[in-house]
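Enquirer: Sharing a structure, written as structure tokens. Questions coming.
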């Protein structure tokens, strides 16, 4: 091989993509020879650095990670009010505080909590995979957002240890480095950070005879326990409910992240409003929203963007986002970015022509009133089911005035008819999941019709066997939908004329077992969900939707939903969402200019 007047040494690494190229005159570039030899200590302390050369300064990590402050070809301009100084004074991720909360909820004074982080995933028959997403329970007590980790918490010794992978040089070359132990400790208040291969060794002192090991799921039992056999106890039942309960009340650090996610997402909603008259297809709205979030340091969405125009708005989780906006009255934009794994969840209903049609305005004002009145009642001690019942009452009053419903208000509420227009719960918790866990109680309803895995409420139990042990674990779903008879039970409670109510429901062809379950639900105050408490973050998202079988006149309206993220405070609430709505939204849509 000839290279003009120079001579080089070439070393292949993993096919042809990585070479060490050294000139005899001393100029070098590529992978330094020291990184071709496995040196775990060196890898822990350093990352690949480009050798000095005429163009290496242009490729420095600091340059590549600097956020743009001027417009690029997409037309997105970074808002100086959303600069990164929001993290100043935030401190370390409170992993230790979270671990202690879990131990308290667990009610254990000894034992080991063991959690596995997420590994890299690949699509079937492919060397490509989805974007990495850390397991949320693991992140809660570590703050570590990279693959291949584990964590142990010794409850008796109050010692929290993060276990991280060693990375081979060629992996660093292709995918970059992972944080070093020192960097992990600087970012999170874990006690120690070690390499995970030490955890795999039999002489590792973490797991001892006589201990109870708490795991989330039976399939996450560490293989390191094989040599201990029956000398340890495995509990795969209690940890998940304990962690769910701990996650319900957010720490100040968590609230700061949710507030930041709301700030970026609200600004992205405003950017869409200011450009609404320029769009011709739902996909353009989707693209602008996500692009704005990326430009402001929130590249991951909490859930797929819902840009549903016209009749698409009646599909709650519509995400095709590919329909023309021509002749569409309304757009529901349900979108929120996450920041450091913490979610936001924001919905706005936007008039596509720039102003509401008379029919659409009527429905929008009704939903706006439902939300305003419910938010105003939020404070500690209020049961969330009472807020939902109030939203239903406001909806029925409004629908009666519009002539959409006919009859007596009390009778309509008693029958649960409003569920045909407002079929989902008023809200849910927000945190590490957009539909976050709610602890041992559901936010709105506990039990009742449809309880169990994959349904709208309650618990289910799964069981597995490990080395002869029968391991039970509790499964809880998060998203709540409401049937007419559940709404009726929620509204009426237990009434003396129970048999008369049962007769009305049976005449409407409701199955007897579901009627009896709804009546049991109505008679139990403990089944009516959670009372709000300081530190909870919940959505308030009333909606009115129209289907052909309900009312053809409002079919083109599709649906209206307005959603904000609300922090429950000691004396009331704080609305974390600042995206314009109502009259402020209409004013924003009249503003001119780019983003």
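Heads up, the Cβ atoms here are built off N, Cα and C, so glycines get one too.
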Enquirer: 345, 563 bind Mn(2+) 1 according to Swiss-Prot; which of 368, 541, 584 goes with them?
Expert: 541
Enquirer: Among 51-76, 77-102, find the range that Swiss-Prot records as region 'Disordered'.
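Expert: Going through 51-76, 77-102 one by one, Swiss-Prot flags 51-76 as region 'Disordered'.
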Enquirer: Here are some binding-site residues: 334, 345, 541, 563. Which one has the most Cβ atoms within 10 Å of its Cβ?
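Expert: It comes out as 345.
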Enquirer: Measure from the CA atom of residue 541 (Mn(2+) 1 binding site) to the CA atom of residue 563 (Mn(2+) 2 binding site) and give the result in Å, rounded to a whole number.
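Expert: It is 4 Å, counting Cα to Cα.
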Enquirer: Could you state the CA-to-CA distance between residue 345 (Mn(2+) 2 binding site) and residue 541 (Mn(2+) 1 binding site) to the nearest Å?
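Expert: With distance taken Cα to Cα, residue 541 (Mn(2+) 1 binding site) is 10 Å from residue 345 (Mn(2+) 2 binding site).
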Enquirer: Taking the centroid of the Cβ atoms of 334, 345, 563 as the Mn(2+) 2 site, which other residues of that chain lie with their Cβ within 8 Å of it, listed in sequence order?
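Expert: Other same-chain residues with Cβ inside the cutoff are 335, 336, 346, 347, 539, 541, 561.
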Enquirer: If you measure residue 541 (Mn(2+) 1 binding site) to residue 334 (Mn(2+) 2 binding site) at Cα, how many Å is it?
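Expert: The Cα atom of residue 541 (Mn(2+) 1 binding site) is 11 Å away from the Cα atom of residue 334 (Mn(2+) 2 binding site).
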Enquirer: For residue 541 (Mn(2+) 1 binding site), which DSSP three-state class applies?
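Expert: Looking at the DSSP assignment, residue 541 (Mn(2+) 1 binding site) belongs to neither helix nor strand, so coil.
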